[in-house]
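Copied from TrEMBL, the annotated features are:
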TRANSMEM  A:12-32  transmembrane segment
TRANSMEM  A:39-60  transmembrane segment
TRANSMEM  A:66-86  transmembrane segment
TRANSMEM  A:93-117  transmembrane segment
TRANSMEM  A:123-140  transmembrane segment
TRANSMEM  A:175-194  transmembrane segment
TRANSMEM  A:225-243  transmembrane segment
TRANSMEM  A:294-323  transmembrane segment
Amino acid sequence: MTTKPNIPQAGGNAGMVGPVLIAVALAVFATLPLWAEKGLVFLAGIVMAQIVFALAFNLIFGLTGLVSFGQAAFFAAGAYASAWLARMAPDLPFFLTLAFGGAVGAVLAWVIGLVALRRASGIYFAILTLALGQLVYTAIGKTTALGREDGLIGIARPVLDFGLFRINLAAGDNYYYLILVASVVLIFCLWWVWHGSLGRILSAIRQEPERVRFLGVNVRRYREYAFVISGTVTALAGALMAPWSQIITPMIAHWSYSALPILFCLLGGSARFWGPAVGAVVFAGLEHSTRTMVGMAELVVGGALLVVVLAMPGGILGALAALRQKYVTDRRGAAE
Amino acid sequence: MLADFLLIAINGLVWAMAVFLVASGLTLIFGILHILNFSHGGFVMIGAYLAFTAMQLLTGSVGIAAFLGIAALCAVAVAGMGFVIDRVVFKRLKGVDDSYSLIATYAVLLLSEGAVKSVWGPNFESVYPPEGLGGALFLGDLFLPSYALFVIGAGLAVFLVLDWWLHRTASGKIMKSVALDPWMASILGINVNAIFTTAVVAGFALAGLAGGLLAPNQSLSPMMGGSYIIQAFGVIIVGGIGNVRGAFLAAILLGLIDAFGTVFVPQFPGIFFFIAVAVIILFRPQGLLSGIR
């Protein structure tokens, strides 16, 4: 068989599968409040924030090749900062408190990145970000203004004032749709970074940091860019989630929360942009279906993660792509 | 004043030796296999729960000898689990990136938490120190629980035995040679795979022993494994990952820093440990001591 360029064959419109699936997923999320029960709608809102969390993490993990074990610190920073500001100044426009959460996350990511990226690499980077993340966790859990171990409760869903009209986010499913729209916007930004020139440099840094350095690129600075972008988007996801869950506790800063995006990325496949989103949905399904049995969630999730890491390094999307590749070559082989 | 100072230092040392007991097996396995075993804390927890069950079966009072015997049995049981984990997981992690094996063993930690939850339930359990270690010693006006002194002694003993084994015995030296250059060691006729398995089994045995000895040190809960592993990570990374002497020094250093820090800034207990880890790694990324020692 001669080597053919991997162009989708006529009839097998493989290039359309991705966009169609994305459109279907979007439609499911958008229509969910119309047909699903309240508990599921609540879960879907959380999952959307977690998808943004995981996609932002994959910018530094799958793309830049850094394992950060302290991402929950940014998520919590965004959630706590926006909730705290909304409590201190209830009259501020909602988007300002949201932006404040993002800004606090950006500054924190800049500082942690400055410390962690200065010397450490590989496993040292993982442990150092873990330690710094736990530092944030301990600080939040002991700060009275942030509710100590009890967290902040009764976070209000605000009213959006557009001058001509107002939207009360506390009413009905309005806040759910706000999360949906904001998530789509944030995911589009991440998609743009991933597929743009910055994304290409980051990907090159993952594969050959030494060569990229020879080409005159300041590798550490670009890693820092990736870290700050990821931290900012993560903080915005946290700030979006706080009024949805209406209660935030220091557990969202704990290292086990930092492990979530890593789980999502590996389950779904970290080499692909949409992998973590698939992972987040699959994880939510696994956890939701085992929630009544004590200890079962850990066994199922741990087992699934172990199987994926040991047997399917490309995650779910990687395995599906390999299957499709096999199907295409088999059919082509049969035709010849 | 001096008594206060001593008490704080002893509290720091108890923490240090407890975490060293956990960290010793972790750093041993990393030194030989270059796998940072996230599940190590989970197996310490399993060891502690096994000790809990054993002490419940021995109704009545448990003496020091029986307590040590139970800890030894826990070490054997967890070592057996280590053998299985080595065959199923670690053998497949040869040559993969360090951070990747960190995540694979994180999955094993989740499995061990799930196992503990389904066998022993999600609630807190407590184990009392054995007969003879339940009391306290009084040095002047200094109040020292005997179990605290026992933990310090146990940590010291494990360190001395491990250090003696690695530096003074033939099998320990073979272990180090495999860590430095497995290929060369295999040419010299050393069964490298058997050494790898030995290191894993020994590391897990240390986890089980730590669990058995530390069962009365804190209440048992399914979160226990995670909290021990984070502290042990900090200790071995500051000590120089893979280095037993470094882990011992780092445990003492971090224990004292955290104990005194908590006294001076009581609003934020536990925060000085993380600050110290971050600052030390910033200035000495390779840790206090480097290489396997």
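Every residue, even glycine, has its Cβ placed from backbone N, Cα and C.
Through the fold, the transmembrane segment (A:39-60) approaches residues 29, 32-33, 66, 68, 71, 75, 173, 175-176, 179-180, 183, 186-187, 190, 193-194, 202, 223, 226-227, 229-231, 233-234, 236-238, 240-241, 244-245, 260-262, 264-265, 268, 270, 273, 275-277, 279-281, 284, 288 of its own chain, all at least 6 residues removed from its boundaries and within a Cβ separation under 8 Å. At the 8 Å Cβ threshold, with sequence separation of at least 6, the transmembrane segment (A:175-194) comes into contact with the transmembrane segment (A:225-243) through 3 or more pairs.
Away from its own ends, the transmembrane segment (A:225-243) comes close to residues 45-46, 49-50, 52-53, 55-57, 59-60, 63-64, 66, 68, 71, 74-83, 86, 97-98, 100-106, 108-110, 112-113, 117, 152, 155-158, 169, 175, 178-179, 182-183, 186, 189-190, 193, 198, 202, 252 of its chain (Cβ-Cβ under 8 Å, at least six residues beyond either end). With Cβ pairs under 8 Å as the measure, the transmembrane segment (A:123-140) is packed most heavily against A:66-86, out of A:66-86, A:93-117, A:294-323. With a cut-off of 8 Å between Cβ atoms, the residues of this chain six or more beyond the transmembrane segment (A:66-86) that come close are 53, 56-57, 60, 92, 94, 96-98, 100-105, 108-109, 112, 116, 122-123, 125-127, 129-134, 136-137, 140, 145-146, 152, 155-156, 158, 223, 226-227, 230-232, 234-239, 241-243, 248, 250, 252-255, 257-262.
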